[in-house]
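S.K.: Reproduced below are the annotations present in TrEMBL:
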type	residues	note
REGION	440-476	region 'Disordered'
REPEAT	1-28	repeat 'ANK'
REPEAT	29-61	repeat 'ANK'
REPEAT	105-137	repeat 'ANK'
REPEAT	164-196	repeat 'ANK'
REPEAT	197-229	repeat 'ANK'
REPEAT	304-327	repeat 'ANK'
REPEAT	338-370	repeat 'ANK'
REPEAT	408-440	repeat 'ANK'
Amino acid sequence: LMYAAASGHIDVLSLLLDKGADIHALHSNGGTALLEAATGGEAEAMKVLMESGAKYDFVDLDGVTPLMAVASQGNDEGQKLVVEYLKKGLKGGELKKHINMASYSGGTAVMFAAAGGHTNCTKDLIELGADINAIARATPEYLEKLKKMIEEGTVDNTDDPHVDGVTALHVAAQGGHLDCVNVLLEAKAKVEVKDDEGRTALLLAIKGNHGEVAVELVKAGANPNTPYVDEDGDSHNLLMDAIIVENNDFATLLIEKGADLYYKDERKVTTLLQASHRGLTDVVKALLDKHGKKKDYVDDASDEGITPLIAACSEGHQEVVQLLVENKNIDVNAKDKDGTNSLMAASARGHKEIVELLLKAGASVNEQNSDGHTALMFAFNGKNQVETLWERYSQYVKDDEKDKEDDGGTGPIIREALDNHTALVELLIKNGADETLKDKEGHTAKDFDFHPETDADVLKRETQAEKVRDESKNEL
């Protein structure tokens, strides 16, 4: 009878009942045929059994009821059938009491439904009066039984088989069940409840990489500064992590909801610096709108001396640079620990438009870093790299657009880069760059330019140029 019920074999089920099968018989865990049908999500079998007198309010040896079992399977039809019989058989507050009954693991029907992501079942239970903020507490007997099962290897202990203190929102968030989470939030589920391991629903969503769920929880009031500790024991800041994975929407939401804008990682990298480095214009704007007026905020540097402006210039994020230079507190001539500033970083990478922005913002064109290198030297060096590249591969590529299909378009790309670097050199000279300044080795800017007649070793030139270019790298 139990096998037929669990598999939904209605004809066999009916035959066995007609032949006198015991509808109330129990298996070793104290379950009945009705409980098996509910666990299998077999609504029709449940109907046949309840019409034949099966106990709809039965409780097995784990404290599980047919309502809990069918809710865990997300069988809306089966759940409605059980509720129909419960309404007929239970009077007054007994119905609500049964709906909120906890199994010996501490789980209630609405928790089972939410854990499985069964939105309709969750919604129906809430309408029936389910306590969405009930907290799971296992009985000592259940915990002892679970311990024994783990020791015997019948339960895997690697995935948190049981944690006390969870709510329906916890288990829905942990499973990444967005619709269920929204249903619970609409019903005013408490977002800041912590389980016995100190985890909120937001932390469980983050741990499971359920970004959309995390967004809804923050919108509903979850603490945007909730610290997250990963499996290696490393602590994470939500805003910084959102910026690192370049989740613009979540990062701006966290800022809007009060995330700590002054957080720094172990290398003293700020959220503004990280966002500038990654070119997250909306995030940079949101950060500046919140605290851009605070003195030193916009120039707060890492332990390498890298400022948000240096990082953005190095990576070529023009819109971010525009936002930063418009801030009245910005120091456009700030240098990293090696003395490299934003103008040098932009010049080294050939970011001509950014160089123009910096010059308009008052960048000093003749500053020198600790090696004596100037922006013009970096610009010549960049031109040298591109021209060396052209010399090395010119026999294989062509710079005419009509020939780009023959070489994959490489020729026109190199030619465009060379024109850009050449224009950048001219721009710096036009704005007063001193060609006579010397670095610590006595080289002037033009010594970094392309000189094929004096140095035929292309690979050697590439190595020398790359060495100078490395000075401008500002990796976080």
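Here, residue 1 is simply the first one shown, and the rest follow in order.
Here the Cβ of each residue, glycine as well, is placed from N, Cα and C on the backbone.
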S.K.: Grab the pLDDT values for the repeat 'ANK' (164-196) and give me their mean, rounded.
M.R.: 97
S.K.: Given the repeat 'ANK' (304-327), which of the listed stretches 29-61, 105-137, 164-196, 197-229, 338-370 has the most Cβ pairs that are under 8 Å apart from it?
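M.R.: Stretch with maximum Cβ contacts: 338-370.
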S.K.: Decide whether the stretches the repeat 'ANK' (164-196) and the repeat 'ANK' (105-137) have at least 3 CB pairs under 8 angstroms, with pairs required to be 6 or more apart in sequence.
M.R.: yes
S.K.: How do the residues of the repeat 'ANK' (1-28) split into helix, strand and coil according to DSSP?
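M.R.: When I sort the residues of the repeat 'ANK' (1-28) into the three classes, I find 15 helix, 0 strand, 13 coil.
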S.K.: What counts of helix, strand and coil residues does DSSP assign across the repeat 'ANK' (197-229)?
M.R.: 16 helix, 2 strand, 15 coil
S.K.: What counts of helix, strand and coil residues does DSSP assign across the repeat 'ANK' (338-370)?
M.R.: 16 helix, 1 strand, 16 coil
